[in-house]
Amino acid sequence: MMDTMEERYLSLEIERVDLVCGVNNVEHHTELNGVDRLVVRRGQPFTMTLHLRPGTAFKLGASINLIATTGPEPSEVMDTAIKFGLNKFISPARWSATAELKSESAVSLTVCSHPAAPIGLYQLALDQGTGVSLCQFVLLFNPWCKRDSVYMVKEAERQEYVLSQDGLIYRGKPKCISELLWTFGQFEPGILNICLKVLDQSLKHLQDPIQDCSDRRSPVYITRVLSAMINSEDDKGVLVGNWSGNYEHGIRPTAWKDSGSILRQWYNQKCRAVEYGQCWVFAAVACTVSRALGIPCRVVTNYGSAHDTNSNLVIERYYNKFAEDISDDAIWNFHVWVESWMTRPDLQLGYEGWQASDPTPQETSDGVFCCGPVPVRAIKEGDLSAKYDAPFVYAEVNADVVEYAILDDGSTVKIDSSTTEVGQCISTKAVGRDEREDITHLYKYPEGSEEERQVFEKANHQNRLIQNEEEPGLKLKIKVNPSMMVGSDFDVYAQVKNNTDSKKSFRLTFYAQAVTYNGKLGETCGLTVLFSCGPAGVKAVLRLQYSMYGKAIAQEQMVRLVALLIDKETKEFHRATKTIVLDSPSIDILIQGDPKVGQPIMVEVMLQNPLPELLENCVFSLQGANLTDSTATSNEVGSVGPKELATAELEFTPMVSGRRKLVIDFNSDKLSSIQNFKNLVIEE
């Protein structure tokens, strides 16, 4: 689209449209894309001039409607076709427009998109009868817009993570870190079009283009699509991975120094994957595409990066009699991925900010070779339930390492272990400086600290993927159910596998004990003992009853399971432990009406008491920035019977428009610190 359009619109008396790209693109921080077409960011106004045919009069206040459309089949239901009229003022929270008569033959039209509108290529038209096209523009994410989910507060960070076209990628080893200068080139000619093409070639788009274009409102969705599309394992992705050392039919990964060459080659050869890439190349290209689309992004290097093939959060190394490592698990000298900055309305409070995603094809996720985005904070806290692929990323930075020697008879002997080998010197380029910034503390607590060990145990509880390895002798494993709601009685299991052909005599003690967040052990709340098993093995069942564990557990609702087994014949000792975190009930939130500034609004909240006993001193509390004053609004419910529903109505009056988080807390004598939230868009 050129800066002016010389086409005549006879039906609407418009002679041409001046998009004023030189001004708009500067104001939207997109001028580096050029000024020959309109590239704007969502949630921010842009202005064009409508030049009328001679003799045509434009009356302010007239009923004139506009329509903005994106995607192959625009739909109002999917928010890919948006109709809106002229207003007196621009609204920052929705699509809106204003008009001002500049002269007898020129009208200044200002348009602002919704701050959560889908990104992509748009058509803007006057919605009168058949519709008259005004212009075409590209809409991007907006880190400068407070209502956009990729908003960054600091200008220096926006300059680094959105506008900077070059950077440093770190490789080597922790004691010998090397720098690779990389040109991201997100504003080079043609790159933005190629980045949009990458989205259009994704499996999501090819399978359901209507839904895909609607989902492009979310940087979480876009980042996950890019994680799959930068590699070519499942789709028409950008790069072929190759770690063989044979690069005869392509370019060796170490030869690449910029993303533009790779993206242009992919585009010019009709979306056929470029040969070849390795982790830092995949990450660099993903960073380029993310920044081009307006998502703040940085490249991150992890030294001693674990590839946990059996998803047990432990890297198991096996050495034969020749001291050769014959393990399936691996620890890379370094591995590179990206972090992208965004809110996570799909997750709990505190998980906004940097999200790790890994475009290097290692393992599948939802059947596709992709990984993330997952909050870096969730990795640090060991929350493996957080979307997406938290167990894999957690293992990359925090897996324990256990080494075994394989004896001549095929048996194994543990020879060493380490809790510090994995996840060292996690690095990225510093803001505004060509220096390395160590961000290990964002991913993990200090190695060997009580917090680091407690987080590892929490992660081990949440990771319920089953190992299938069979080895000689007695093997002991603890298994738990996927759902363990506080207040219920449930079974946990200590499974003894007898991988021999004979009956085994042993003593198995399986017990449960309350434990606090800092590892302090409390009362025992369950015990069972077994003495023998046949060739098929045996499963010890321990029934955890609320009448026992309810009075023992602390606020964290954590229980430590311990199984101790002694083989009476061989005198071998086996031990298995697992720390479980009991599930809490959820709070349902119902907003009664559309929130508007200065107008009171009611919120209905509900929570079912999961306990088989009375809850007393029950209180719901409401809070949120610019939704209440500095104190929370509370409603004392009183007592709630067993399995009964606690309900309350809370009132608040929004003080400021825009996107806000409404936070609801529930506390009582036996259940506390239960929280849920709801994202709101406050209208003027």
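Heads up, the Cβ atoms here are built off N, Cα and C, so glycines get one too.
Owing to the predicted nature of the structure, the values given are computational and were not obtained by experimental measurement.
Listed in TrEMBL:
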type	residues	note
ACT_SITE	Cys279	active site
ACT_SITE	His335	active site
ACT_SITE	Asp358	active site
BINDING	Asn398, Asp400, Glu447, Glu452	Ca(2+) binding site
DOMAIN	271-361	domain 'Transglutaminase-like'
Item to check | Nearest of the recorded positions (Cys279, Asn398, Asp400, Glu447, Glu452) to Asp358 (active site), judged by Cα-Cα distance | outcome: Cys279
Checklist entry - Taking the Cβ of Asn398 (Ca(2+) binding site) as the centre, how many other Cβ atoms fall within a 10 Å radius? => result 23
Checklist entry - If you draw a 10 Å sphere on the Cβ of Asp400 (Ca(2+) binding site), how many other Cβ atoms land inside? => result 20
Checklist entry - Reported in the order helix, strand, coil, what are the DSSP residue counts of the domain 'Transglutaminase-like' (271-361)? => result 15 helix, 40 strand, 36 coil
Checklist outcome for this item: Same-chain, non-site residues whose Cβ lies within 8 A of the Asn398, Asp400, Glu447, Glu452 Cβ center for Ca(2+) are Ala399, Thr419, Thr420, Val422, Gly423, Lys444, Tyr445, Gly448, Arg453, Val455, Phe456
Item to check | Nearest of the binding-site residues (Asp400, Glu447, Glu452) to Cys279 (active site), judged by Cα-Cα distance | outcome: Asp400
Checklist entry - What is the separation, in Å, between the Cα atoms of His335 (active site) and Asn398 (Ca(2+) binding site)? => result 14
Next on the checklist: Can you give me the same-chain residues 6 or more apart in sequence from Glu447 (Ca(2+) binding site) with a CB-CB distance under 8 Å?
Outcome noted: Thr419, Thr420
Item to check | Residue with minimal Cβ packing [other Cβ atoms within 10 Å] among the recorded positions Asp358, Glu452 | outcome: Glu452
